[in-house]
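Annotated features in TrEMBL:
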type: DOMAIN; residues: 13-150; note: domain 'DUF2157'
type: TRANSMEM; residues: 40-61; note: transmembrane segment
type: TRANSMEM; residues: 73-92; note: transmembrane segment
type: TRANSMEM; residues: 98-120; note: transmembrane segment
type: TRANSMEM; residues: 132-165; note: transmembrane segment
type: TRANSMEM; residues: 177-195; note: transmembrane segment
type: TRANSMEM; residues: 225-246; note: transmembrane segment
type: TRANSMEM; residues: 258-276; note: transmembrane segment
type: TRANSMEM; residues: 282-299; note: transmembrane segment
type: TRANSMEM; residues: 306-324; note: transmembrane segment
type: TRANSMEM; residues: 330-352; note: transmembrane segment
Amino acid sequence: MYRGRLKRDLAIWVGKGMLSQATADVLLKEFDSRKSSFSVGGVLMILAAVLIAASILLLVAANWQEIPRLTKVVGIVLLIWIFYLSAALSFARGSDRLGAALLVLGAASFGGAIALIGQLYHLSGDTLGAMLLWFGMTVVSAAAFRSAALTVFAGLLAFVVFGAYLEQYDAEWQGLYAFWPPVAGVILALLAQWTGAERSRHLIYILLLGWCAWLYSLHTDVGVAILFVIVGALAFLAVTMPLSPISALARQRGASPAFYTFVLTLLGLGLLHFHWTEGGDLALLALLTIGATLLALSLEGRDNGAVRYLAYFIFAAEVLYLSFVTIDSMLGTSTFFLLAGLVVAVLAFVVVKLEKIFTRKDKEIAQ
């Protein structure tokens, strides 16, 4: 995606005489030489590894009745070692993408080994403990190899562990296990910093948001929703305000910190809509929601496209919702749609004005 935009921008600059074609080609070649750049071959290797891993897990699940027990255990252990040693050899020879795919196969085989041992020796079922062991070994492997692919795999396993916890305890609060998502988030954040797997941080944010939604499901209390709004708003201000001590650090992580803290704020506001449905409470909630979108646009609208378009959507949705609950009860359906159309037209006008303001600011900065 970024490469496409870069290529178009370079073509425009060459057309305007700002760059020579040779310089543009060198810049594009330098971008393609980066390890993080998109590679069809690398993607296909990872997909192949995922498919083979799935076949291994399915084969283990079948519990091959005709194969002797000892052969099964020795075979799966050898398979793990073969994948990891082959990955180390691939990295030593500079075949990083092949090495990443082999590491994924090794981690998947370890999960298969856990299931196989449980089947063969009839170990009754602490599924949560098995998933925690799988997650832990994947984290250790990712750290040892500094593998971005295994970091992502560990992030996915964090969801599996949380799902196993919810299933085992019927989605109820159960001691320290209930704090698994934030603990896993810290582990994965440190791992992502070590391995350079910046994109895996999205999994951390999504896991924490899912944890927040689960916390609300335990109580369905207005206080929990208000807490989400307060925490999300404070976190959003902390990562976006220029004077904030952590703003510079957050911006090094890209658009994600601002976007996901904004999502947490909106999650709380959305939940409040189930509690404050009329009168002064609804009016206050509408002001808070619209105010949050305008604040997000003013702080991040120019530089953060994800926040900008989410704010546009929420602003429009809130206005239409208010129109529905306050006008449709008094007027006919056709009149409501007419007014809704006028509201959308006004929103479009506001969006165009904001886009012009952002464009003007960009030109001022460029000068």
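Using the three backbone atoms N, Cα and C, a Cβ is placed for every residue, glycine included.
With a threshold of 8 Å between CB atoms, the same-chain residues lying at least 6 positions outside the transmembrane segment (177-195) that come near it are 128, 135, 139, 142-143, 146-148, 150-151, 154-155, 158, 161-162, 165, 169, 201, 203-204, 207-208, 210-211. Model confidence over the domain 'DUF2157' (13-150) is summarised by a mean pLDDT of 79. Taking pairs at least six residues apart, the transmembrane segment (258-276) and the transmembrane segment (98-120) share fewer than three Cβ pairs below 8 Å and do not count as touching.
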